[in-house]
Amino acid sequence: MAVKTYEAGVKDYRQTYWAPEYVPLDSDILACFKITPQPGVDREEAAAAVAAESSTGTWTTVWTDLLTDMDYYKGRAYRIEDVPGDDTCFYAFVAYPIDLFEEGSVVNVFTSLVGNVFGFKAVRALRLEDVRFPLAYVKTCNGPPHGIQVERDKMNKYGRPMLGCTIKPKLGLSAKNYGRAVYECLRGGLDFTKDDENVNSQPFIAWRDRFLFVADAIHTAEAETGERKGHYLNVTAPSPEEMYERAEFAKELNMPIIMHDFLTGGFCANTGLARWCRKNGVLLHIHRAMHAVVDRNPHHGIHFRVLAKALRLSGGDHLHTGTVVGKLEGDRAATQGWVDLLRESFVPEDAGRGIFFDQDWGSMPGVFAVASGGIHVWHMPALLAIFGDDAIFQFGGGTLGHPWGNAAGAAANRVALEACVEARNEGRDLEREGKDILTNAAKDSPELKIALETWKEIKFEFDTVDKLDVVNR
């Protein structure tokens, strides 16, 4: 064993943290960063600096390095790759020993990987593109409270995606009128309705009143339709204590599902709530409010695929993923990539979808992908083709904006979905034949016919800001 000696002073990061010969261990946590270095900082030094500042390093040599095994604990930048079509930045791959992170703590992982290093002066911009969580770490995490199959069993819904609706206007309704809208949507044929992400406990809709009126709506709709129904009651609150109080009250009302804003609420609160949901048999819907602040800039922040992985580890049965076809940002290949990362047991590296590493989830349950944001009945064929069955198509204006009212909007959604599922099962090409499928179904559904006429001109044809830049690696 080499004798450790201490030499005070500052040395290049590459001397300690650049290790191109390193072969990552199966137990390492691997990260891919997109780095835009400051002028005059070369790639190897910038990559090594990121590895250092996100693991054991600081700006100068310290004598306490001698008190531990730095060679074991340090992060290592082990590979650099070009970003296709952009010579101002590059990809740096960093390996971290698993012992750097607390077991089952997404909070601790993010504190290191996206902590102070993102303010480091040596880099002009920094983005965490992907993380490989080793199976050894996955097994320490709580994961989804129930998962896809258990939810299907609880809700008695099989062979198709589920349908939801976010109640609008998102703010301003009284609890009584809110409950009325919930009832009409569920009675019309939807499986779920939803609180908008910013519905918490405002003066006009105190949370307890909302819960009571919603519970009455759900129980009435279930009795009249013979179907299991649910509403995502948002329990996000100013403090964990209040969050759990709201969750407990939802359970007392026999509500099947609650909701949390996982980014604004925080990973600590989310992990705790997911554990509570598993213990108490309550499903957990997750909204991603604030995500675009973090993930939309293609050069700085955290890619959504990383946030999706983190949510699966922290815990949630549903997660909003974008729609590809609606009003929100979402590249098709990238979206299908992170949808697979939410649902599948193993997802291989796939440059064409922006997936930088193999990801093995072991037996961790999957998460329903929620397609929400500017969708209507004309989108149904594409939604089913893109997302498949293990998804929730979450309408808002596409239900509540129907000329004949909420129940008619829900009926139109249900008829459109069932027509597309039947056509898919017959082997028809949904995206090529979608118009014919819907117009034929509308012959027996006046609600769908009016919906198709109402939204026939509505499109959201804006270019994607965060495009895949990984083509061939």
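In case you wondered, yes, glycine gets a Cβ from its N, Cα and C as well.
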If Swiss-Prot gives ASN116, THR166, LYS170, ARG288, HIS320 as binding substrate, which of SER55, SER239, SER363, SER372 does it give for that site as well?
SER372
For the recorded positions LYS168, LYS170, LYS194, ARG288, HIS320, which one has its C-beta crowded by the most other C-beta atoms within 10 angstroms?
LYS194
Residues ASN116, THR166, LYS170, ARG288, HIS320, SER372 [recorded substrate binders]: greatest CA to CA distance in Å:
37
Of ASN116, ARG288, HIS320, SER372, which binding-site residues are close to LYS194 (Mg(2+) binding site), meaning a Cα within 10 Å of its Cα?
none
Around ASN116 (substrate binding site), how many other CB atoms lie within 10 A of its CB?
11
Close in space, distant in sequence - THR166 (substrate binding site), Cβ under 8 Å, 6 or more apart:
THR193, LYS194, ASP195, ASP196, SER372, GLN394, PHE395, GLY396
Which chain-mates of HIS287 (active site, proton acceptor) that are at least 6 residues away have a CB under 8 A from its CB, listed by sequence?
GLU197, ASN234, MET259, HIS260, ASP261, PHE262, HIS320
GLU197 (Mg(2+) binding site) CB neighbourhood, other CB atoms within 10 A:
21
